[in-house]
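K.L.:
The structure follows.
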Amino acid sequence: MSARGTRPPVTPRHPERGERSLLFVHAHPDDETVGTGATLAHYAARPDVHLTVVTCTLGEEGEVRVPALEGLAAAEADQLGGYRYWEYRQATAALGVADTHFLGGVGRWRDSGMMGTPANDHPRAFWGADLDEAAADLVAVLRDRAPRVLVTYDPDGFYGHPDHIQAHRVAMRACDLAADPDWRPDLGPAHEVRKIYWTTMPRSIIEAQFDAFASAPDNPFAGVASAADLPFGVPDDQIDAAITADDAATARKRAAMAAYATQIAPGDWLDMLGDKLGADALAAEHYRLVRGERGPVDDRGWETDLLA
Ligand SMILES: CC(=O)N[C@H]1[C@@H](O[C@@H]2[C@H](O)[C@H](O)[C@@H](O)[C@H](O)[C@H]2O)O[C@H](CO)[C@@H](O)[C@@H]1O
Ligand SMILES: [Zn+2]
């Protein structure tokens, strides 16, 4: 049970149960936009598709890239989580996503900070969550929304952040438990997610970014000898699906990114991504299919519809 002793009910805002729904599990406010914003905006434009975003923490331990707001930081007034919640509302609205849910209720699990930092040991740190307790919160949502597709991170959380790793573990555990009719029938009728994708990035795109940012003041790859040394990305032939958003959806992703002023400041590499590498750097998002049948593929051998 959660620290408050009761599990906040899953608000059946959209008790959609059907073949045209996708559910995304993310760690912090901004991951849904930075990592899958083009995909969310792409599908949000389709009235027949239902989207749910589940976010596991409020991002309390994040940086504050707005000088005037530095007092919100965890080490100061510790109000960043509430502020990022507000940014998240603006960003998900910009993407066109109405069905959003914080795992276990808003504020249940706390941002664990970077691996090895003292925040990992906070009593509510997501990194220290009991796996089945956190998974039970997600099972309740899965059984209510009954998505055909679930999207989350790979076992390394894409880049090794503890909350991303834990989001992966909780999502995969919840998919298994949700499908078991004998496990916690009080959390709703069993539901089997048909397809599971992990976010990823083709090494060819990382190499292009690596070169483009070599001279950037906040080069995200500073100190790294080659793209192959980075803790994320896969060879292009390990990509299973790519969603390339149209201009309208890409613009919605840009607007959502702009909502996260505390995380993405003007001139930051993330802010410059589109300018340096072209709109495709924001428009294209890539996935590995780890459960379910592959749908039709294009000439790259990649699916172009996660619902196929
Ligand atoms: C994209 C993402 O997951 N961001 C996390 C991450 O943020 C990093 C952190 O602030 C680090 O100290 C910085 O050097 C780095 O540039 C940031 O990307 O970790 C934060 C703390 O857990 C988290 O709030 C943020 O959402
Ligand atoms: Zn994150």
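Heads up, the Cβ atoms here are built off N, Cα and C, so glycines get one too.
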K.L.:
May I ask you to find which of HIS164, HIS168, HIS191, HIS286 TrEMBL records for the Zn(2+) site already listed with HIS28, ASP31?
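P.N.:
When TrEMBL describes the Zn(2+) site, the candidate it includes is HIS164.
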K.L.:
Just how many other Cβ atoms lie inside 10 Å of the Cβ on HIS164 (Zn(2+) binding site)?
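P.N.:
Counting Cβ neighbours of HIS164 (Zn(2+) binding site) within 10 Å gives 26.
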